[in-house]
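*Asks:* Here's a structure for you.
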């Protein structure tokens with residue numbers, strides 16, 4: 001019999017499976033899709049052209065991710081980050097270098113004030129128990145959006161902070177609890193790390209795409225992964241769990257849930273999970289982001305001293321753009337992020353219209369050289385039934401103070417993983433891996449204690 | 001073949017079915033439970049003792065509910081509302097008459113100010129499109145809780161308003177968008193109506209319990225209702241929809257969804273619903289309330305001039321209590337509402353402990369006469385897999401402005417009903433009935449237009 005059933009073959013589930021495999025514990029992985037990776041998905045367009053449709057970056061303190069690269073001999077390289085960035089505000093496009101765009105002095109002072117205030121507040125959040133912060137109730141009764149609105153005194157400052165934070169969270173800011181925003185920032189070290197490329201969470205990319213890593217991780221136990229196996233029901237029967245789907249059933253002593261919260265909420269548990277777990281799952285919704293790629297023969301913008309980075313207010317469909325060309329520079333690829341409402345509007349248009357919208361922006365930014373791409377691709381996890389959104393599940397107001405750590409808590413022998421169960425790098429691939437490994441380690445510990453008792 | 005499949009046999013689904021039946025349109029109703037009523041559930045304890053575990057009141061402008069009572073000759077009676085109410089604040093219990101408790105003058109002025117401000121703001125919300133209010137973004141970026149905190153200057157005022165609003169919404173106030181709060185108030189006429197018994201939404205009760213109505217409504221088409229039929233998947237096949245569950249499948253030309261939003265979110269739709277519908281369903285969570293009943297030989301508190309109504313701060317498990325004795329006064333029944341966090345804590349205790357907690361409160365309020373009840377019963381829809389909470393699904397911040405009326409919108413030939421699809425009396429049984437009737441009428445209209453075209 002299986003000791004463990006892991007549900008979900010994203011980074012979290014496969015990191016758990018790897019640990020179990022190494023500890024010689026019998027397990028299987030049940031995955032709803034026909035592929036590995038979950039919210040990481042590298043699309044191979046041709047032999048040397050790939051696009052990361054899902055998570056794609058790693059950076060400082062992503063210790064587990066770097067360790068995996070090391071272990072599997074996977075090459076990574078620095079995200080291109082030289083030259084001028086662009087700020088596209090109020091229909092005007094301005095060049096700037098570094099992190100802070102050119103603005104009037106009042107806006108700059110305001111920007112500095114708000115960023116520092118956010119950093120300071122985030123620093124004070126106890127990662128293990130955000131609800132224990134002295135001002136937890138206050139921070140959990142307002143949204144990150146309301147905080148930004150009331151602290152930004154100039155129009156330009158508010159727009160710049162909003163588009164930066166929307167890019168960080170992949171969400172409208174009025175959907176996120178301020179307390180969750182602060183927790184999230186602390187969980188990823190600090191705001192500076194989250195926003196930055198250099199020394200930040202966007203420092204490195206993977207040669208061949210992020211999925212390369214998970215493919216290698218899964219090789220030793222590939223035959224234990226059952227694809228096209230969406231789990232519908234988990235029933236406790238004496239000491240075992242019966243895990244069933246439309247046309248399968250398996251039993252195990254222990255379960256690891258490594259899927260997004262809204263999908264975990266769809267599984268029928270018998271007996272029911274705790275009221276806190278059920279209710280917090282009903283409250284956590286997924287962020288919404290689309291990734292749009294314009295592919296050129298070469299990264300021509302670099303020649304004119306542009307970084308490929310651009311940041312825009314609501315006049316553009318894209319909050320932010322990045323140079324995501326491959327390491328060898330064989331292609332030039334601009335990645336545009338469209339987030340929240342902008343994403344919903346964008347993806348209601350046809351692919352031709354979407355391509356045109358992005359092309360128009362790029363021609364506006366980089367001139368006529370931008371008018372002749374090889375191709376255009378885009379993707380949004382929002383339309384993926386087995387993700388329901390990206391990057392992560394976000395806590396609305398009242399959830400942290402009302403339900404505390406109910407989401408990540410083990411119930412019976414059901415263990416919770418997935419990036420939303422991580423206190424470190426919540427919302428990032430690093431958090432997914434950590435939570436998966438942690439769940440597996442808890443089971444291994446639990447089993448060895450059980451063995452000692454016998 | 002069925003023209004219509006109605007999913008859910010609560011008041012909304014059965015109201016829809018009734019209209020379809022009267023219009024001679026072939027339909028079936030699929031219900032997950034083995035009973036009618038959904039969030040209305042009358043528990044018959046013995047021949048003349050019943051408890052309304054779910055919705056139980058009707059009041060002014062519940063036109064459809066009164067019409068149903070008329071149609072089926074169902075008797076209703078006025079909720080007992082005479083004598084002294086109690087306010088249990090800061091460990092002190094004070095008597096008061098009418099709507100406004102005795103407090104210091106500052107708190108009274110503050111209370112008056114906040115209630116009037118809420119009334120005024122609610123009045124300005126366009127029910128058809130809350131997102132079109134000039135301050136929609138502002139109101140949708142903060143919570144009802146933050147509004148109360150920042151407008152209540154005295155401790156007593158804040159506590160009184162909080163427990164009153166928690167009773168109205170069955171939710172912690174920091175989980176609800178202020179915009180949704182205002183919409184909800186307007187949807188139920190005004191705050192005064194929502195809070196009041198006399199001339200308010202709690203004016204009348206049903207002799208025999210609320211479920212009496214739905215039982216009578218369903219009699220003519222009872223054989224068309226399939227109980228224990230939880231729907232798992234709805235697949236569009238050319239012009240038809242295939243509706244499937246674990247061991248059944250039916251087809252129809254049109255579907256009415258008349259279940260709570262988090263349950264609608266669990267159904268797999270092929271092709272997928274619009275992104276707005278999917279995402280807003282992931283965001284709407286259910287309120288949380290427990291109903292607790294202490295049953296006595298007779299309503300003895302009336303003898304001493306008490307109404308049986310009591311309102312309490314967090315020292316009590318119960319935000320509010322009401323006299324819910326039957327019309328003939330044959331029993332005396334106090335109903336306690338425990339809401340939000342208080343409810344979650346309360347239902348983690350054993351039934352014996354819960355009984356003791358309520359008994360202690362009642363003895364404190366009404367003396368030793370309260371010490372000897374016949375029995376104690378309680379119930380919470382939060383623990384019902386096919387409700388997930390009560391009274392209703394509530395919009396968190398960002399949902400109305402981000403997704404507008406996506407929840408109630410018809411998609412293809414799938415029509416949305418349920419109280420959360422109603423603009424009038426959203427969250428009430430009246431809203432459920434109206435939305436169900438509306439969905440059926442839209443289908444009937446649509447069919448007759450189709451017939452004319454031929």
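Cβ from N, Cα, C; glycine included.
Since we're looking at a predicted model, the values are computed, not measured.
The domain 'Amine oxidase' annotation in TrEMBL covers B:11-444. What TrEMBL records for B:12, B:31, B:32, B:231, B:420 is FAD binding site. Under the heading substrate binding site, TrEMBL lists B:337.
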*Asks:* With H, G and I counted as helix, E and B as strand and the rest as coil, say where DSSP puts residue B:31 (FAD binding site).
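*Replies:* For residue B:31 (FAD binding site) - judged by DSSP and reduced to three states - the answer is coil.
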*Asks:* Please give the maximum pairwise Cα distance, in Å and rounded to a whole number, for the FAD-binding set B:12, B:31, B:32, B:231, B:420.
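*Replies:* Spelled out: the longest distance between any two Cα atoms in B:12, B:31, B:32, B:231, B:420 is 19 Å.
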*Asks:* Which three-state DSSP class does residue B:12 (FAD binding site) fall into?
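*Replies:* Its secondary structure by DSSP: helix.
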*Asks:* Would you mind listing, in sequence order, the residues at least six apart from residue B:32 (FAD binding site) in the same chain with a Cβ closer than 8 Å to its Cβ?
*Replies:* B:8, B:228, B:229, B:230, B:231, B:259, B:263, B:385, B:386
*Asks:* Could you find out if DSSP has residue B:231 (FAD binding site) as helix, strand or coil?
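*Replies:* It is coil.
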*Asks:* So for residue B:12 (FAD binding site), how many other CB atoms are inside 10 Å of its CB?
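*Replies:* Other Cβ atoms found within 10 Å: 33.
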*Asks:* DSSP secondary structure for residue B:420 (FAD binding site), reduced to helix/strand/coil, please.
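*Replies:* Assignment for residue B:420 (FAD binding site) reads helix.
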*Asks:* If you compare CA-to-CA distances from residue B:337 (substrate binding site) to each of the binding-site residues B:12, B:31, B:420, which comes out shortest?
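*Replies:* Given the candidates B:12, B:31, B:420, the nearest one is B:420.
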*Asks:* Using all protein chains in view, find how many other C-beta atoms are within 10 Å of the C-beta of residue B:420 (FAD binding site).
*Replies:* 26
*Asks:* Who sits close to residue B:31 (FAD binding site): which same-chain residues at least 6 apart have their Cβ under 8 Å from its Cβ?
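*Replies:* Counting only residues 6 or more apart in sequence, the Cβ neighbours of residue B:31 (FAD binding site) under 8 Å are B:8, B:9, B:13, B:225, B:226, B:227, B:228, B:229.
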